[in-house]
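Enquirer: My questions will all concern the structure given below.
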Amino acid sequence: MELFYYVVFGALAAVVAALELGGKSNKDRITTSQAFNSFKNNYILVYSLMMAGDWLQGPYVYYLYSTYGFGKGDIGQLFIAGFGSSMLFGTIVGSLADKQGRKRACVTYCITYILSCITKHSPQYKILMIGRVLGGIATSLLFSAFESWLVAEHFKRGFDSQWLSLTFSKAIFVGNGLVAIIAGLFGNFLVDSLNLGPVSPFDAAACFLAIGMAIILSSWSENYGDASESKDLLTQFKGAAVAIASDEKIALLGAIQSLFEGSMYTFVFLWTPALSPNDEDIPHGFIFATFMLASMLGSSFAARLMAQNSPKVESYMQVVFVVSSASLLLPILTTFLVSPSNVKGGGISFSGCIQLLGFCTFEGCCGLFWPSIMKMRSQYIPEEARSTIMNFFRIPLNIFVCIVLYNVNAFPITVMFGMCSIFLFVASILQRRLAAIADKPKAEDWVAMKERDTEADPLNAS
């Protein structure tokens, strides 16, 4: 493996270590209580187990399907089914968390994903399709129910609102960074070193999910959004839609999230062909670990930024989106500025090295994005419909990813990167608007909306 990979990985590891170990007193100058630290550590443990269950599967899904003899087209349909399921069924199941309870929704995530892992043992296409549908539902719950439970429980226990950012940033640092690296190495150990086959990471994932579920059942209390008996699911959807339409801040937040996450998921499909256009031999696992280190660096920076009153999240995220937009322009720029290599195989090219540095920058922006968007969601989304609104945000994201997957061979890779770069730049413009109106009062209070709807439709409320 080329020295270049080790240099990039080593440089990122050194900076992350220096920030985490050397600058800890600077980062953690927010004084917290023992009760909060216990609560935070419990959540991070559970979140890390949940993410381990997710990260273990990621690198082996495509590989497993290909070992069962399915071609690119069939595998593409399975992936589309997953995102389509997340959009349709996941939105409904995720929204039920507000009414039926967030703890119950988190347990449902564990059960659903474990069942999805079990289906991977079957080479039958229909069974694998069912697994993808279950996985899509689980993904919606992972990215809404856990955060909704955390925010509600944090305030229910009377903790300071500023402490929430500590939990967010540490959860992303550990769950989306450290755990991802360990999961990648552990999956590689199971498949390559122990020769247990490509289904073994899914079995390991199911075990981690079961352990996490046991901790949730034994140590978490239940909390709800709007648990009123009169509210059916349709009324809940209508209320969430009204909240988004009546409050520009919520609408902007949803658009920003969809634009960034849509670009991020597209990047996941594109980075491999971008770095190896001529079938260059690149160490996928090592590059993935490097990306996760860059993400950890981003979340470490986010922790420091959010611990201070200035700059505000709404301000620095404008810069993050512009930088991420520029980083995904590199594959286009190298196409024009660096003469392409026509040699098949071999090591990574010079343009590939430049792109890898750009991709690490983008992953660093991802590490900044997650805790920051969580902080903004906790500020702007009404508690009564938190899970419902968060799943609404994922609808345009899932539509976009399905379209990209369906047309992945229809456009050159540079066009796809250009589209992502444009989306990220638009996100920066919307973020600028959000920063401008951040301190304005809400257009209409959620409780006032509910009272107005009750007066307009008393039969439905009774």
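Using N, Cα and C of the backbone, Cβ positions are placed for all residues, glycine too.
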Enquirer: Using TrEMBL as the reference, determine which range in 75-97, 236-258 is annotated transmembrane segment.
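Expert: Based on what TrEMBL states, transmembrane segment spans 75-97.
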Enquirer: Can you tell me which parts of the same chain pack against the transmembrane segment (75-97), counting only residues 6+ beyond its ends and a CB-CB cutoff under 8 A?
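Expert: Distant contacts of the transmembrane segment (75-97): 62, 65-66, 104-105, 108, 128-129, 132-141, 144-145, 148, 225, 233, 236-237, 240, 387-388, 390-392, 394-395, 398-399, 401-402, 405-406, 408.
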Enquirer: How about long-range neighbours of the transmembrane segment (6-23): same chain, 6 or more residues beyond its ends, C-beta under 8 Å?
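Expert: Beyond its ends, the transmembrane segment (6-23) has Cβ neighbours at 286, 289-290, 293-294, 296-297, 300-301, 304, 356-357, 360.
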Enquirer: With a Cβ cut-off under 8 Å, give me the same-chain residues at least six positions beyond the ends of the transmembrane segment (345-370) that come close to it.
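Expert: Distant contacts of the transmembrane segment (345-370): 2, 4, 8, 12, 168, 172-173, 176-177, 260, 264, 267, 271, 274-276, 278-282, 287, 290-292, 294-302, 305, 316-317, 320-321, 323-324, 327-331, 334-335, 338.
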Enquirer: Hey, which bits of the same chain come close to the transmembrane segment (129-151), Cβ under 8 Å, at least six residues off its ends?
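Expert: Contacts with the transmembrane segment (129-151): 43, 46-47, 50, 54, 78-79, 81-87, 89-91, 93-94, 97-98, 102-103, 105-106, 108-109, 112-113, 115-120, 164, 167, 220, 223, 225, 374, 377-378, 383, 386-387, 390-391, 394.
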